[in-house]
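Copied over from TrEMBL, here are the features:
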REGION    66-105  region 'Disordered'
COMPBIAS  74-84  compositional bias 'Basic and acidic residues'
COMPBIAS  92-105  compositional bias 'Basic and acidic residues'
DOMAIN    147-391  domain 'MYST-type HAT'
ACT_SITE  Glu292  active site, proton donor/acceptor
Amino acid sequence: MSLVKDSDKDLSHRPKRRRCHETYNFNMKCPTPGCNSLGHLTGKHERHFAVSGCPLYHNLSADECKTPTSKQSRYKEQVTEMRKGRNSGLQKEQKEKHMDHRQTHGNTREPLLENITSEYDLELFRKAQARASEDLEKLRIQGQITEGSNMIKTILFGRYELDTWYHSPYPEEYARLGRLYVCEFCLKYMKSQTILRRHMAKCVWKHPPGDEVYRKGSISVFEVDGNRRCACSTFMFPSLTSEPKTLKNSFLNYNVSCILTMPQYMRQGFGKMLIDFSYLLSKVEEKVGSPERPLSDLGLISYRSYWKEVLLRYMYNFQGKEISIKEISQETAVNPVDIVSTLQSLQMLKYWKGKHLVLKRQDLIDEWKAKEIKRGNSNKTIDPTSLKWTPPKGT
């Protein structure tokens with residue numbers, strides 16, 4: 001899997017916009033049995049290296065992925081035509097109508113959806129709503145969801161009242177409540193504010209029930225052993241912000257099972273901070289890590305963004321003539337498969353004269369560096385010197 005600088009090759013056939021790119025080659029192969037790594041599920045790449053982009057795995061040929069059928073082309077044209085009516089934004093009167101509806105009905109009614117997207121997309125959304133409703137009704141009839149099990153609408157968590165997004169199997173006596181009260185330190189859930197007030201007067205925890213293993217500024221990370229504190233695996237609790245759940249002794253080398261950022265702290269950089277923290281632990285353990293699959297849609301977006309920054313930072317700092325995927329993986333603790341898939345999504349991979357090449361796209365590196373300078377120093381940037389943690393024995 002070595003990357004070798006290939007500056008002596010004739011690359012005159014490459015587009016002019018890539019003249020300044022340096023090229024590297026390496027050898028990798030798709031893990032799908034019988035696959036020669038040719039083609040890509042998106043039809044945009046000549047090669048693939050992961051199952052997610054393998055045409056054979058998806059029971060297709062490389063040509064079928066590259067060249068859409070006439071039926072697919074016609075459908076794409078129809079969709080494009082139908083989406084031409086997409087609204088650029090709500091007019092003043094429409095905004096007032098939407099605000100009046102929200103003030104009148106609050107959370108008891110769905111927000112008005114007309115005029116915020118094309119009629120085609122709105123129809124797709126309505127069909128998805130109907131299908132989800134039908135599936136839930138089938139589960140109710142089958143007894144997998146009891147009456148009232150999805151009646152919890154809000155959760156009082158500290159000084160925040162949070163709307164619920166998903167169904168959770170709480171005991172029926174709690175599930176029938178409209179609101180649930182949760183201790184923000186020990187996570188005990190209760191029926192009323194009075195019970196919560198009594199509990200808070202007696203609760204001995206003023207931070208997550210574990211050992212503080214990281215502190216920088218106002219950010220703290222606590223290690224909580226799930227085997228001792230709750231019926232689950234090890235947790236890492238960044239105080240008051242989020243709750244990543246890391247795997248204990250994963251034989252698949254997963255360094256994260258799931259990452260949860262509470263709604264009141266979303267879109268503030270905590271998710272990426274937690275991802276970076278999980279890779280810091282992998283580095284301390286001298287292991288290569290990767291998140292547990294399958295990733296959710298939002299999880300994939302977050303991880304792809306993180307991997308992109310890691311690779312562009314590595315390319316920016318790299319001054320040598322030879323490089324390898326293995327070296328990148330060892331320095332960053334990112335799994336080689338994740339490295340390759342990210343390079344591919346950035347269009348930094350090319351198959352040329354029997355060799356795999358990495359294109360060092362200076363435009364992407366410059367764009368990343370400009371954002372890095374604009375962002376400046378942040379307490380959400382993980383500082384390895386602030387970690388006070390020793391890997392458990394036997395890992």
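Yeah, the Cβs are placed from backbone N, Cα and C, and that goes for glycine too.
Long-range Cβ contacts of the compositional bias 'Basic and acidic residues' (92-105) within its own chain (Cβ-Cβ under 8 Å, at least 6 residues beyond either end) map to 111-112, 115. Listed by sequence, the residues of this chain that lie at least six past the ends of the compositional bias 'Basic and acidic residues' (74-84) yet keep a Cβ under 8 A from its Cβ atoms are 68, 118-121. Helix first, then strand, then coil: DSSP counts for the compositional bias 'Basic and acidic residues' (92-105) stand at 14 helix, 0 strand, 0 coil. The local packing around Glu292 (active site, proton donor/acceptor), expressed as other Cβ atoms within 10 Å of its Cβ over all shown chains, amounts to 16.
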